[in-house]
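One structure is given below, represented as structure tokens, and several questions about it will come after.
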Amino acid sequence: MSQSESPGLQEESLHGSWVELHFGSNGNGSSVPDSVSIYKGDMEKILLDAQHESGRSSSKSSHCDSPPRSQTPQDTNRASETDTHSLGEKNSSQSEEDYMERRKEVESILKKNSDWIWDWSSRPENVPPAKEFLLFKHPKRTPTLSMRNTSVMKKGGIFSAEFLKVFLPSLLLSHLLAIGLGIYIGRRLTTSTSTF
């Protein structure tokens, strides 16, 4: 094909499923497809148009047989990428009709399946389970045995009547036991040495 041929003939020749690219070499030894020099930027537009046409026809036939599926966050990202891509196409000599058509398709996809966000965010996995957090509480420290923590010490201290009623008899009894044990051991030792 040459540049003098009409663009309609160029598009008609590309409607087949295979396109042959003949590689030639430019002056510096690297190979460049001849079609790049022929179309000079029109190749991208032709390929995009062919992609959109084949996408529409294949999507119509494939949607008849397949059940509808819910939209995922990735689908939304793809839709927004298509939207930004279509903005770039509009600036690159894209017709206003195609731009508006693509824009409407993207908006309809987003409106039709916008409930997935609500469904996804209200899943039971995202609500923290209260019972599980109760199981992992840090155990309380057991209080150490101390005179300071007793109810007697908290009420009146060392000189309170309740404390003295308990402390003085126990002190006297422990001293009497210690003295009695000391006397018993002392006598045993003295009698055992005299028998030898």
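Cβ atoms are placed via backbone N, Cα and C, with glycine included.
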Which residue range, 100-125, 152-177, is the one Swiss-Prot calls motif 'BH3'?
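That would be 100-125, per the motif 'BH3' entry in Swiss-Prot.
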Would you count the other C-beta atoms found within 10 angstroms of the C-beta of SER54 (phosphoserine) for me?
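Around the Cβ of SER54 (phosphoserine), 12 other Cβ atoms lie within 10 Å.
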Quick one: what's DSSP say for SER95 (phosphoserine), helix, strand or coil?
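The residue in question, SER95 (phosphoserine), is coil (DSSP, three-state).
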For the motif 'BH3' (100-125), provide the mean pLDDT of the predicted model.
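On average, pLDDT over the motif 'BH3' (100-125) sits at 72.
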